[in-house]
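Sequence annotations record features per position, and here Swiss-Prot assigns NAD(+) binding site to 4, 5, 6, 7, 8, 9, 10, 11, 12, 13, 14, 15 based on sequence analysis.
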């Protein structure tokens, strides 16, 4: 049986990446700092995934174990030394925190003379996640380790897409997920191209697919949340049941389509259908996806290269409409949740500084015209 190391034993790790690895006949070592989850994985050695659709079928994932990276980093290093693949689903902000441990694992492979090619895939909601992780890992590698990594360790970028809502169950390992899933890996950075995962797509140039996903699903999902919150919706489904909100989301996706077609020459009809499927996914009655989950961390989501500001910048450069995206940015700046640190911090910034200064600080923009346009909607 092949061996995998997966960083992040949360719902996405278990409910998406774990399912794919299991179906490809991998033993999975989940690496996390959540003792409850790690203990349950080691005690049971398996968990269940429920597919949120009519009939609600279940999948039992077996051959799993857990390692607490805080308490037993040496076990993680040992696992990396012998593994066939490494994946992550921990969130973009957490990637730097696993870099040193990954570097130690790579050094252990070098010392052991393990020259089997290994790919590390960051399955995160970000553009260039694996390469970002590699830049962090390189900081901790010796000169010999760097040479070894360049020869034998690949960091191919990946695009992943599956809605896994916040949930709580008596069984801490049980997880409910939507039926749809998409995992795309770029081939040009693979070090082990012979290891192909079933139910994973491989593309030479990943960038069009990452942008299609991030600018469509992530932008559309966040739009649903911020506009939904403005109108008092508690769940994404509730937001979509409001015709006014649904129409606004469709208008945002129309602007995204114009960008993707102009930039990557996507087929218009295929893209329209892709966006239609996205709306249907948001409307899944078997999933309770809280607005608070999707809207959280607004400062990060309003970043220069994130799901709103980047497409707005590029649409402006192409002289294409971005009015509906601007309106959504206004709702994002207005979003408040007492349980979300970033939304509270955003409110504090707006109370202490001018709106324009906050827009510049949060978005990183220096285009004065665009800054003024955003200010108008806050």
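Cβ coordinates are placed from backbone N, Cα and C, and glycine is handled just like the others.
Swiss-Prot feature annotations superimposed on the structure.
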residue : record              : Cβ neighbours (10 Å)
4       : NAD(+) binding site : 25
6       : NAD(+) binding site : 26
8       : NAD(+) binding site : 23
10      : NAD(+) binding site : 16
12      : NAD(+) binding site : 22
14      : NAD(+) binding site : 28
